[in-house]
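Report on the following structure.
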Amino acid sequence: MGTPLEPRAEQATEVIDRLEEAYPDSTISLRYSNRLELLIAVILSAQCTDERVNKETKHLFEKYDGAEDYATVDQDELAEDLNSITYYNSKAEYIRDSCATILEDHDGEVPDTMDELTELSGVGRKTANVVLQHGHDIVEGIVVDTHVQRLSRRLGLTEEEYPERIEQDLIEIVPEDDWQQFTHLCIDHGRATCTAQNPDCADCVLADICPSEKGDSEIDLAAGEPW
Ligand code: SF4
């Protein structure tokens, strides 16, 4: 078991410093070429890997060009175009509804405020944060996906369980300049080393400061249960 730094803000800064060294090119892995494509890719990525989403959007973004195309296509046709994605029926509906709202209320442009974004169908705070950060260069919060959720708990940065509460804890301790990058670093480390089922603690750059480190910690703080 590693020994986390105190206070938590110091632990957060050390985690960021080490992960930045390990993953110097860390960034969003979804592919898109404009804000609407970004919004659609993020909606599709819920409970689905970025790799699969990128594969599917390759042909999707060739076929559909702009909010009107999505808002006017038949539900069954769009769902069929997304059929390798998890929950493709619901996601097709979210995309059609969101694009209709974008056309009606926002002159066809993806809105740039948290309130307006979260009013779109299928768009929660996490999706809105990604769109604000990467589509509009507005960093209002920290994107808490499954990797951020797991690593923040394992590393003793939060004891909260739900994304919105975890985000509030992280906002208190992660320097504002790092809010965006913190997510990408957690995602890269979560994929490469600190995986959900079998983290490679023996080869982890955070082992000595991680209270969940498997060497001699019996508890995975992410789950709150024994390894
Ligand atoms: S891989 Fe192990 S040591 Fe590294 S952050 Fe995850 S749980 Fe902690």
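Backbone N, Cα and C atoms are what each Cβ position is placed from, and that goes for glycine too.
Annotated features, as they stand in TrEMBL:
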type: BINDING; residues: CYS194, CYS201, CYS204, CYS210; note: [4Fe-4S] cluster binding site
type: DOMAIN; residues: 44-192; note: domain 'HhH-GPD'
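Feature annotations (TrEMBL) mapped to structure.
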{"residue": "CYS194", "record": "[4Fe-4S] cluster binding site", "DSSP (3 states)": "coil"}
{"residue": "CYS201", "record": "[4Fe-4S] cluster binding site", "DSSP (3 states)": "helix"}
{"residue": "CYS210", "record": "[4Fe-4S] cluster binding site", "DSSP (3 states)": "coil"}
Packing count at CYS201 ([4Fe-4S] cluster binding site) (other Cβ atoms within 10 Å of its Cβ): 21
Which listed residue (CYS194, CYS204, CYS210) has most other Cβ within 10 Å, given these are binding-site residues: CYS210
